[in-house]
Each structure stands twice: as C-alpha cells, then as structure tokens.
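Contents: one structure, followed by commentary.
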Ligand code: ATP
Ligand code: MG
C-alpha cells in the first residue's frame, strides 16, 4: 500500500486555493492510502519566528484540516515538533548532503534574493529537513506542487546516496503523488494568476459570509463584451474558473451564454459566485469554529497523532542509527 506524506507550514489561514488544490484531494486520498499529514512548525521557523503567534497558527491549521474532513481515526495528523525524531534524522542525513547541492536549489536562491539579510542555515538545510520528514515514514508518495518538485528530487538523491553508501536497501525513492485531472488551480480575484497567502488575495475558509461577498464584489472585471463570443479578459476568466470549482454546471452554462450574447451583468455574475462560494465555505467555517473551541478534542488529536507517527519514526531512526554505526553498549 502507498504511504503518503504531506506537510503544511503554519503561516496563516487556508484559502480556497489550498482547499481545492490540495486539502479536498487529501480528504479523498486518506481512504486509499496510509496517509500522514503534519503541521510543519519547524519549517515555519526558517521564515517566521514569532513565538506569540506560532501556537495559534498551528491550532488554526489543525482545526481547518479537521473541519475540511481529515479524519484522525483514519489518517495520522500530527505536529512536526511533537515528533523530534525528525531533528535527529535530519542531522544524520545532513552528514551526506553537500552544501553545493543545497545552495543550488531554486527555492534557496529565491529566498536569498528576496531576503538577503536573513540567509539562515535553516533555509539552506530546508531540503534536508524535508527529506527527513518524508523518509521518517519511508513514504512512497508525496503530493507536491511545482515549487516543491526539486526538493522531492533531492529527497530521492539523499535516499539513493544513503542506500549506496551503506550498502542497504532501506529508504524508498519517494515519488510525487499525482492527482491528475483532479488538480485545479484557483486564480486570484485581483486579475492575477494564483490565489495565495503571499499574494494577499485569498478567500479564506474562515471568512464570514459578509467578508466573502465583499471580496467577490471587488473582483476585477472589464467594461463588458461588445461583440458576440469575444474572448474573456483575465479578470473575467478567473471568475469563471472559480465558478467551475463551486457552481453547478447549469449556473456556469447560464452565465457563459449571457457572456456570449453580450447580455451579461457582472454584478449578477459576482453575486452568484459569492453565494456559491459561501455554500462551500460556510459549513467548513462553522466546523472550524466548533473544533477550534474544543481544546480537549484538539489535545487528544495531537497526542494520538504524535503517538501514531512515532510508531514508524522510532523504527526508522533506530534502524538508521544501527546502519550508521551508532550502537548501544
Ligand atoms: P505561500 O504563498 O506561502 O506559498 P500558498 O497560498 O501558495 O502559500 P502553500 O502553503 O504554498 O499555499 O500551498 C499549500 C498547498 O495548496 C499546496 O499543495 C499548493 O499546491 C496548494 N495551493 C496553493 N495555492 C493554490 C491555488 N491557488 N490553487 C490550487 N492549489 C493551490
Ligand atoms: Mg505556495
């Protein structure tokens, strides 16, 4: 059976892009494979060191995952720092990770360029910690976006190198998990390419109905089609793309027809989109609120999650110690 691992950094709230691009697929996936989901608080510290907010962000993401349908009785969901074995495996793997290959990763170079005053060692060794996350469970598959493919490639390099150096067949070569046709990209409502935390254009799973309506009504459009079947401007195309995710086929067909015949009123289009987004988000938001306030439930989920995670991580770390020559007296 496939062993799948996915992590998310607790650096803010989840938005519609995270939901349709990742979370919704995870919810389905948990019934088909042995799934580990973790909240990557160590990773967050490479860019976000704010002790006043870290715990809160972890709690937010945890509540959002559970509210969206991750089932802690089926999948394993845990907080990275609750399983400090990952730090030991990261240290051991770092002995065979070359500085040159770490410096060459696109994400590291990007961070150096954007933040030349905070080029910390954690940023450089980010791919080693990520490899440790994955190899701790000997995960066979990792759902990754385009920006993470290079890191996963490095994980395979480290796994192969370890196996070769010690003459073992211990670590698997973890492959990207492909959602295929199910993988959708949610654009922003500001006429730009992608909805994202860094883009600051998110509709969040925790947004109230009113906030969602406001955000949608502000969406960028144009002055309207003047000829039948004219091409869509970026802003209007984005509205239709989000509709594909949240609205019924009838609704989409109705507005496409109105556009094609130049009778469309963008105000009506946006009102409909807002209501259809609310239909998806409102029940999730209500569950987020209920779960977030249930301290004892959250405590139990993370405790059980850490315990389940440690079953495989303890085994991996003691095996790696033995292979590398760390033996008990
Ligand atoms: P950041 O700006 O910090 O990179 P983000 O909003 O891009 O944040 P990530 O934490 O990078 O979100 O992504 C978490 C998951 O959500 C990934 O699997 C990613 O591919 C997916 N995802 C993020 N944004 C979108 C989007 N707009 N459409 C579809 N999937 C998305
Ligand atoms: Mg991203």
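Positions of Cβ are set from backbone N, Cα and C atoms, glycine also.
Under the three-state DSSP scheme, residue 197 (ATP binding site) falls in the coil class. Around the Cβ of residue 197 (ATP binding site), 16 further Cβ atoms fall within 10 Å across all displayed protein chains. Annotation source TrEMBL lists ATP binding site at 9, 10, 11, 17, 18, 145, 146, 147, 186, 194, 195, 196, 197, 198.
Annotation comment: TrEMBL describes 10-18 as motif ''HIGH' region'. Each residue in the motif ''HIGH' region' (10-18) has a pLDDT score, and their mean in this model is 94.
Residues or ranges marked as L-tryptophan binding site by TrEMBL: 133. Summarising the environment of residue 133 (L-tryptophan binding site), the number of other Cβ atoms within 10 Å of its Cβ, over all protein chains shown, is 26.
TrEMBL lists 194-198 with the feature motif ''KMSKS' region'.
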Cβ under 8 Å, sequence separation of at least 6 from the ends of the motif ''HIGH' region' (10-18): give me the contacting residues as numbers and ranges. 39-41, 44, 47-48, 54, 57-58, 60-61, 64, 68, 185-186, 194-197, 202-206, 242, 245, 277, 280-281
Fewest other C-beta atoms within 10 angstroms, as judged across 11, 18, which are the binding-site residues: 11
Span of 9, 10, 11, 17, 18, 145, 146, 147, 186, 194, 195, 196, 197, 198 as binders of ATP, largest Cα separation rounded to whole Å, comes out at 20
Name the residue among the binding-site residues 9, 146 whose Cβ has the smallest number of other Cβ atoms within 10 Å. 146
One should report the C-alpha separation between residue 146 (ATP binding site) and residue 133 (L-tryptophan binding site), rounded to whole angstrom, as 19
Would you mind listing, in sequence order, the residues at least six apart from residue 186 (ATP binding site) in the same chain with a Cβ closer than 8 Å to its Cβ? 15, 16, 17, 20, 21, 194, 195, 241, 242, 245
